[in-house]
Amino acid sequence: QIDPKDYTFSGLKNETVGRLPGKVAGQQFVIQDCENCKIYIFDHSATITIDDCVNCQIFLGPIKGSVFFRDCKDCKCVVACQQFRTRDCRKLEVFLCCATQPIIESSTGMKFGCFQYYYPELALQFKDAGLSIFNNTWSNIHDFTPASGENNWGLLPETAVVQDYVPLPSSEELKAIRISTDVTKSIIPITRGQRQKNSDESCLAVFFAGDYTTANARKLIDEMTSKGFQLVQTKEVLMKAEDAHRVFQQSASEFIPLLEKGPVVALEFNGDGAVEQCQSTINEVFSGTKVFVSESKASASQDVDNFYNFADMQMGM
């Protein structure tokens, strides 16, 4: 028998509370009427609603469905979810991983950054919540109620550090979790999203489904970012033969047989010389693995557009 009290934080003031891995286990959770609290859900859940909270710092592990903030103000959050919505909120600062386009409504002073967090159980919780670490549209915000001449939302500074916003828990119970907010350890690759690109040269790399797809994609990200290139966006999506023709053009036939194994993982890197560097890294590091990579600077931006236009249609963006 499930006791709703185990899945609710209500009416708390000046407290640090949380749930350890395994304690929520895919249930719904409610957070309401909390003030000056630090709240941590280190587990996956079905949906979470957060109502009438003021000046709280909140960490929410992977949410299979939606997270909905209503009538909240001055909160700082780290959130991973399928759908993100706010209504009647003021001044929320959110490090976000969201699989679909985040939506704000009647909300002002909203600031967003890319989710960055790690603890050992987090990867499995993402799987249990049905979320891909590569599907994160954190900066592609849709404002349902735009006001002319005003911008209700913006992006956090690129230098923003998670624990300056949502500090690590200090209570004995929650200290047991081995958290790292080191960007290089983050379970979610840190992407530039909608920020201005530094260069007019981008490169598309696509890994096909297999035992090491995630590890390979991460390895390429590490190699490229360590050389100063920027990861703009990532995507994990199923492709059919006709999609392959549209995206891979003349080299489609070599990749079509690989599509049946499962979804592809695509990465867009940006920076002068990105195509050449990406090609040489793939030749050196992934010599036995079939990877699609842009052929030239001239074709690369078209590759990126072709892939992401197709992917956005797939995801119903």
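Note that Cβ sites are derived from N, Cα and C of the backbone, with glycine treated the same way.
Listed in sequence order, SER66, VAL67, PHE68, PHE69, PRO102, ILE103, ILE104, GLU105 are the same-chain residues six or more apart from ARG85 (GTP binding site) with CB atoms under 8 A from its CB. What TrEMBL records for GLY65, SER66, GLN82, GLN83, PHE84, ARG85 is GTP binding site.
Positions annotated as domain 'C-CAP/cofactor C-like' by TrEMBL: 1-146.
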Problem set entry | CB-centroid shell, 8 A cutoff, GTP site GLY65, SER66, GLN82, GLN83, PHE84, ARG85, site residues removed | THR47, ILE63, VAL67, PHE68, CYS81, CYS98, THR100
